[in-house]
Every structure is written in C-alpha cells, then in structure tokens.
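Scroll down for the structure; my scribbles are underneath it.
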Amino acid sequence: MDVMNAFDSQAEDSPTSLGRSLRRRPLARKKLSEMVEEELEQMIRRHEFGEGEQLPSERELMAFFNVGRPSVREALAALKRKGLVQINNGERARVSRPSADTIISELSGMAKDFLTHPGGIAHFEQLRLFFESSLVRYAAEHATDEQIALLTKALEINSQSLDDNALFIRSDVEFHRVLAEIPGNPIFMAIHVALLDWLIAARPSVPDRELHEHNNLSYQQHIVIVDAIRQRDPDKADRALQTHLNSVSATWHALGKKSQKMR
C-alpha cells in the first residue's frame with residue numbers, strides 16, 4: 001500500500017456554483033503527525049498489527065511515512081492517549097486494547113469544563129442519582145453474600161473515619177465504589193470513579209468543622225442502604241439511596257453558598 005499517496009492529496013477544483021454561494025476561505029491543513037496517527041490507527045484497527053505486537057521503530061516509521069521524528073512521536077503519543085498503544089522507555093510502542101478507563105479519560109476534560117457551566121454540577125448530580133439508583137437496585141437483587149460483606153466492611157471503615165474529614169471522604173468514595181463493583185461491569189466502574197472524581201473536584205473548600213454533622217448523617221444513610229440490600233428490597237434500597245444523594249447535594253449546595261458569602 002502506498003501510504004504517502006494519502007499525504008500528497010491535491011485539492012479538487014470547486015464547482016463554480018459553490019464559489020458563488022460561499023465566501024472563499026482557506027481549508028485547514030492537517031499536521032503531519034495527525035496524518036501519521038490516522039494511518040497507524042487504521043492499520044491497528046485492520047489488525048495489520050495485532051494486540052501485544054510491537055510497532056516498527058521510530059526510525060522505520062520516519063522512513064515509511066517520510067516525516068521527521070517529532071511527527072512520529074506526536075502520533076504515537078496521540079495513539080497512547082486513545083489506549084491503542086503502550087509506550088515504555090527504551091522499547092518500541094506496543095499495540096494495546098483501549099480499556100474503559102481510557103474511554104472515560106478522553107471525556108474528562110470536557111466533563112470538567114461542563115461542570116463550570118451554570119447548572120453543570122446539578123446535571124452531573126442528576127446523572128449520579130440515575131446511575132447509582134440502578135446500581136443499588138441491582139445490588140439488592142443480585143449481590144452475593146461476599147459482596148454484602150464487602151459493603152459491611154466499607155461501612156465499618158466509614159464509622160471509624162467520622163472525626164477525620166479527609167479519611168471520611170476516602171471511606172465514602174470506597175463505600176460507593178464497592179457498590180459500583182457489584183455488577184462486575186468495568187465500564188460501570190470507570191464511569192463511577194470518574195463521576196465521583198469530577199463532582200468532588202467541583203465541591204467548594206469548607207472548614208472540617210462544617211462537615212462533621214454531614215459525615216455522621218451520610219454514615220447513617222449508608223447503614224439504611226446496606227440494610228435494604230441485605231433485606232433484598234430494591235425499592236427500599238432505591239429510596240434510601242435517593243434520600244442519601246439528595247441530602248449530599250443539598251448539603252454541598254448550602255456549604256457552597258455559605259462559602260461565597262464569606263468571601
């Protein structure tokens with residue numbers, strides 16, 4: 001295959017009617033690194049390079065595409081971000097398969113930007129409510145005894161962290177992570193981890209003393225959720241979860257307003 005033909009394309013003459021209806025403007029030219037990236041991606045997706053197989057060396061890729069080393073390195077870095085290759089120091093890039101974490105990380109920048117828009121946090125809180133509502137209903141119907149034991153252990157750690165806000169936040173995240181693990185779906189896990197990371201990062205900074213009562217309430221609400229799961233009652237578990245997340249949202253909105261007034 002003559003790869004370079006795609007890199008030397010000529011612009012076609014525009015129809016006269018198009019020229020009359022549109023103002024002339026230059027077409028954006030693709031960078032060489034983007035062209036190399038696209039071609040390598042297509043090769044990988046066509047299985048010309050299999051999973052776990054090493055790509056040609058940088059020097060070989062430079063010669064093959066007739067480009068410089070920076071273009072090759074930029075292309076490989078872009079493929080790494082997409083999860084299509086792994087790059088270890090001193091080794092040639094190796095073809096890999098994108099994971100759920102890779103997919104979510106590609107969305108992370110856009111998600112964090114959206115959170116800064118008016119209503120952005122509320123939209124993500126609603127997404128979390130819909131998502132975890134399904135998780136808790138599934139847990140009430142399908143969680144194994146071992147998985148319920150893990151939830152119980154997470155509750156114990158929760159209770160031991162009430163007087164330390166940083167520890168409580170970690171134990172709170174861990175409790176919800178155990179809940180998200182129950183279906184055994186790696187995409188659920190990746191979404192859940194990212195969603196909590198985005199929401200926690202968007203929360204205002206408040207003194208620890210402001211959170212002690214909130215932490216106690218969250219812990220008590222976690223107990224109700226686990227009890228409903230133990231009872232195999234999805235409706236009760238769902239109600240408990242919604243009460244908990246609505247309470248969390250209300251608390252942080254109130255703390256955020258209070259923090260703004262104090263500035």
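Using N, Cα and C of the backbone, Cβ positions are placed for all residues, glycine too.
Summarising the annotation, Swiss-Prot assigns region 'Disordered' to 1-25.
Confidence for the domain 'HTH gntR-type' (30-98), expressed as mean pLDDT, is 91. Among the features that Swiss-Prot reports, domain 'HTH gntR-type' is placed at 30-98, with the record citing sequence analysis.
According to Swiss-Prot, the DNA-binding region annotation covers 58-77. Residues of the DNA-binding region (58-77) grouped by DSSP class, helix first, strand second and coil last, total 17 helix, 0 strand, 3 coil.
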